[in-house]
Amino acid sequence: MIDLAIPDKTHDEERQGEALMLEPVVGKNNGRKLYIESYGCAMNFSDSEIVASILQDSGFETTKDFNNADVVFINTCSIRENAEVRVRNRLKEFKAAKTSNPGMIVGVLGCMAERLKSKFLEEEKLVDVVVGPDAYRDLPNLIDTVDGGQKAVNVLLSREETYADINPVRLNTNGINAFVSIMRGCDNMCSFCVVPFTRGRERSREPLSIVKECTDLFNAGYREVTLLGQNVDSYKYKAESPEPEVLNQDVKTTTFANLLEMVAQISPELRVRFSTSHPKDILDDVLYTIAKYDNICNYIHLPVQSGNSRVLELMNRTYDREWYMERVDAIRRIIPDCAISTDIITGFCTETEEEHQETLSMMDYVQYDFAYMFMYSERPGTLAAKRYADDIPEEVKARRLKEVIAKQQHYSHVNTQREVGKVQRVLIEGFSKKSDKDYAGRSDKNAMVIFPVDERYKPGQYANVLVERCTTATLIGHIVD
Ligand code: 5AD
Ligand code: SF4
C-alpha cells in the first residue's frame, strides 16, 4: 500500500485505489491498454505488480485514465465491510464508463473474488472477469475467453503458488523503497478474519528467489525492502536439495530469522523491514537477528488486537495478555531501542467495559509508536460470524475506538518527543509533501523525518539528522555531518 514502507501503508485496507503504470515489453505491444487500481494491504499492491508483470509479458501497456483502457482491473480488499463498499461503488463507475466504451473488459481481482463472484458476474452484471489471488498466471487466457464473448472466472486457491519466478514490475515507485512478498496466505484462523478464506493456505516462497529479487533491487538503486507476509514469523522453507554453501547454513529448513539474515547480508546499505509479525510466533531468534544487523530496522509491527485474555481466546489469537507482554519485554531486552506498532479492534463480540479497559492498559504498558485501530466489523464466513453474536452496539464500538485513538495519539506524541535532541540515520526518500526546500525520509524506527535540502545529499542516500522538534507524528531537524 504504496508510497512505500510507511506505516499506514503496510497493513491497512483504508488505502484508496491507485492507478498503476507500466511500459509494454518492446516488440510485444498488443496495442491494448490496461488500467489497474489497488485497494487494501501492502500484499495487494505487491500483487498488482505481479499482475502488471504478467500482462506486460502479453503486450499490455498501461494508462492512468480508465476511460481510455481496454482492460480495467480493480484489485480488491475484503477485510472490513467498508473496504468492500468502496470497491462496489467504484465498479458502478466502471460499469457506467462501459456504456460509452462497450469493448472495455472490467475485472475484479483479489480478496473479494471468491465470495462475490456470482453476484458480480451474474446478478449485478458489473464485471466480465473475476480472478482470485492465486490465479493471476491465468489472466492472459481469461482475457482471451472474454474476447471470445464469454465471462471468465478463476478463483482457485493454490497450496503452492508463490509467483517466485515472476519479476514484479515496480509501479508508482520512488526507486528507493520496494515491497517483496515472501509468503502467501494464512493458516491462523483468527476468528474475526476473512484472510484465510480469501487468500488460502500459508506457503513460503523459495528463499534464494527472495534474495535474488532483493539483490536486483539493490543493484537498481533501491535502498529499502519490506519483506511481506500475513505472518512473517512463520516463514519456513524446506529445500528439497539443500544448497548449504549458498544458504550459509547446514540445515534444510530456512526460517524467518535465516531469511532476514540472508537479506541483511546483501549490503549494509540496504535497509530491511518486514511486516506483519504474529505475537505467538515472534521468537527470540528473530529478535537477536534484528539486534545483530544495523541494517535490519528496529521496528516491529506486532498486532495485539485486544489486551484481554478472554477476548483474545474468542479471537483465536492463541496467545494471552501475559504472553504478549512477555514478548514485548523480550523486544525491549534484546533490542533496547525498538519501535513497536500494533492493530487494535474495539467492540469484538461480548467485549465488556472492563475488557476494553485492559486494551487501554496494554497500550499504557507498551506505549506503541503507532497503531491501526478499527471497530469490529463482522465478516461473512469467518469463525466469529458463525459462532458469536456481533452484540456490541455500534455507538459503544465507536466510543471505545475513540478512547483507543486518543490514547494512541498521546503515546505517538510521547514517542516522537523522546527522539528530539537525538541524531537519526535517515534514508532520504524525496522532497517533503509540503515543500521542495525540504527532504523527507524515515528513521530506522520508521518515524517520518523532515529537514532542509542539503545539495550534498540526494534521495536514496542516508543522512544523519539532528532532531530539533516534532509534531505528533513527524520529526523535524537538520543534517549534521
Ligand atoms: N473487523 C475489524 N478489524 C479487522 N481486522 C481484520 N479483520 C477485522 C474485522 N473483521 C483488522 C485486524 C488486522 C488488521 C489487518 O485488520 O486488526 O490485524
Ligand atoms: Fe487474519 Fe489472523 Fe492471519 Fe492476520 S494472522 S491474516 S488477522 S487470520
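Cβ atoms here come from the backbone N, Cα and C positions, even for glycine.
Unlike curated entries, TrEMBL annotations are predicted automatically.
Annotated features, as they stand in TrEMBL:
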BINDING   C41, C77, C111  [4Fe-4S] cluster 1 binding site
BINDING   C186, C190, C193  [4Fe-4S] cluster 2 binding site
DOMAIN    32-148  domain 'MTTase N-terminal'
DOMAIN    172-414  domain 'Radical SAM core'
DOMAIN    417-481  domain 'TRAM'
Could you tell me how many residues in the domain 'MTTase N-terminal' (32-148) are helical, how many are strand and how many are coil under DSSP?
62 helix, 23 strand, 32 coil
Of C77, C111, C186, C190, C193, the binding-site residues listed, which put a C-beta under 6 Å from ligand 1? Please answer none if none do.
C193
Count up the helix, strand and coil residues in the domain 'TRAM' (417-481) according to DSSP, in that order.
3 helix, 34 strand, 28 coil
Using a Cβ-Cβ cut-off under 8 angstroms and a sequence gap of six or more, which residues of the chain neighbour C190 ([4Fe-4S] cluster 2 binding site)?
Q305, M315, N316, R317
Give the three-state DSSP assignment (helix, strand or coil) for C186 ([4Fe-4S] cluster 2 binding site).
coil
Within the set C41, C77, C111, which binding-site residues show a CB-to-ligand 2 distance under 6 A?
none
So of C41, C111, C186, which of the binding-site residues has the fewest other Cβ atoms within 10 Å around its own Cβ?
C186
Other residues near the [4Fe-4S] cluster 2 site, CB within 8 A of the CB centroid of C186, C190, C193?
N188, M189, F192, V194, V195, P196, Q230
